[in-house]
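Positions annotated as domain 'Tr-type G' by TrEMBL: 10-277. The GTP binding site annotation in TrEMBL covers 19-26, 86-90, 140-143.
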Amino acid sequence: MSSDFLQQIQQRRTFAIISHPDAGKTTITEKLLLFGNAIQLAGSVKGKKGPHAKSDWMSMEQERGISVTSSVMQFPYKERTVNLLDTPGHEDFSEDTYRTLTAVDSVLMVIDGAKGVEDRTIKLMEVCRLRDTPILSFINKMDRDIRDPIDVMDEIEEVLKISAAPINWPIGMGKEFKGVYNLYTDVIHVFQQGMGHTINDDIQIKGLDSPEADELLGAYAEDVREEIELVRGATHEFDIEEYLAGRMTPVFFGTALGNFGVREMLDGFVEWAPSPLNRETRQREVDAKEEKFSGFVFKIQANMDPKHRDRIAFMRVCSGKYTQGMKMKHVRLGKDVKIADAVTFLAGDRSAVDEAISGDIIGLHNHGTIQIGDTFTQGEELKFTGIPHFAPELFRRIRLKDPLKTKQLQKGLQQLSEEGSTQVFFPVNNNDIIVGAVGVLQFEVVAYRLKDEYKVEAIYEPVNVQTARWIESSDTKAIDEIKRKASDHIAIDGGGHLTYLAPTRVNLNLAQERYPDVEFWSTREH
Ligand code: GDP
């Protein structure tokens, strides 16, 4: 492998942002792109309420002012190439987010300083923990009166069970916000107001004990020095090994809206965040620096752009290099395919890609053959693992307005379930079709797309199912028994897997007791 290629891989940083809605993910994304020169003006990423809803792909989404899709942004920063994977903000689409987290090497956690650690952050953190993903933190909205920073740090440690190491510390907050003090370089970065839309000069004061610091802090100078002394004593020191192992998060303070503290955070990020990591497959570990190409699909997206009316499979490149027109093996199908038209994404706009390497995300045009979790290689029989499928929590029976369209309905649901937009179950004892979702908005998306893409009008009816488990046993007799005795609860899912549909938690518990040789899985790998 050429040293140039190895260096390019070393320079890649592929990450996603996790946060609770309204913590500032969109705003910080804009500023990151501003630093990356990826867009001329901040504010055009996906103005949720504004006219530039670039990554919105569907009118329903725009009407609701939510962003359902994940897109990918690539930008250069300080000799690095940064890939930022956007995730849907709405929790109804959390499955998408979970899978996107399997395609990154680290995450940025954005916390609203006034609100502290919120629900969705806790959930997303649990997903990160499954893979010990390194987490860097940004405590946002310092231009407001937030909670005592020490309390926020304590909360991160207690609630998220990760040690927190402040890299910089805020000086004042709200109207009195003066800037941040870097605990390692002994530099104060001075806050300037009204510079949110530009890359402002980094005004530095060297030394907390300097006369310049006295001048900036005025009557507070001594208090600030005492506080910093206290902070040093009461918090962890940053340890990069602990960070890379997912046990410690370096913490930066700032304001995304004021575009302050973001640059310091980004500098720390490109310095410490891991370059593309090795990935597990069922057969062996794939080294990100291997010469031969490999990758897996973590997301399929329809109608990204109404003009194109197609489906894009998002693939994380795990090793080697994609070049335009190359042949890849689609492992599940055992077929070689020539890929001539992969695309990349820049803030929602797509363009053809000539080359992509480990850590990059490329989009493949999918004509119905690609599924989430599919592995592509240069010939080797590999299957990447760890791309999860979660048991739905909400269920509806789906019924056609026009019964003659059963075929289209089945085809539509099959495809939508393959791309992960919904899950579908066919009970063995009747002709019902049951649709499962993690969030209620998913049902609306499915109905909309069935109508729009498959020309079938479907209606939902309530169904007496509360939860589902994929069932499996090494003992075929045990499977036969549950299929026979509990047949009213048995269904086949869109992927052909045996499923137990439970009307209540109690029923599920009883079934688990009654059939001890059967395993009930709440997640399934693709
Ligand atoms: P998201 O839902 O996490 O993407 O959050 P947004 O980036 O859309 O931000 C939510 C709201 O918080 C918006 O009204 C932002 O303008 C505001 N906001 C974001 N960052 C800051 C900040 O640093 N200070 C203040 N005062 N408001 C902010």
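Glycine is no exception: its Cβ is also placed from the backbone N, Cα and C atoms.
Please treat TrEMBL annotations as automatic predictions, because they have not gone through curation.
This view paints the features noted in TrEMBL onto the structure.
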residue : record           : Cβ within 10 Å
Ser19   : GTP binding site : 24
Asp22   : GTP binding site : 13
Lys25   : GTP binding site : 24
Thr87   : GTP binding site : 26
Met142  : GTP binding site : 28
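Under the DSSP three-state reduction, Ser19 (GTP binding site) is assigned to strand. Under 6 Å, Cβ to nearest atom of ligand 1: this is the test, and of the binding-site residues Lys25, Thr87, Met142 it is passed by Lys25. In the three-state DSSP reading, Lys25 (GTP binding site) counts as helix.
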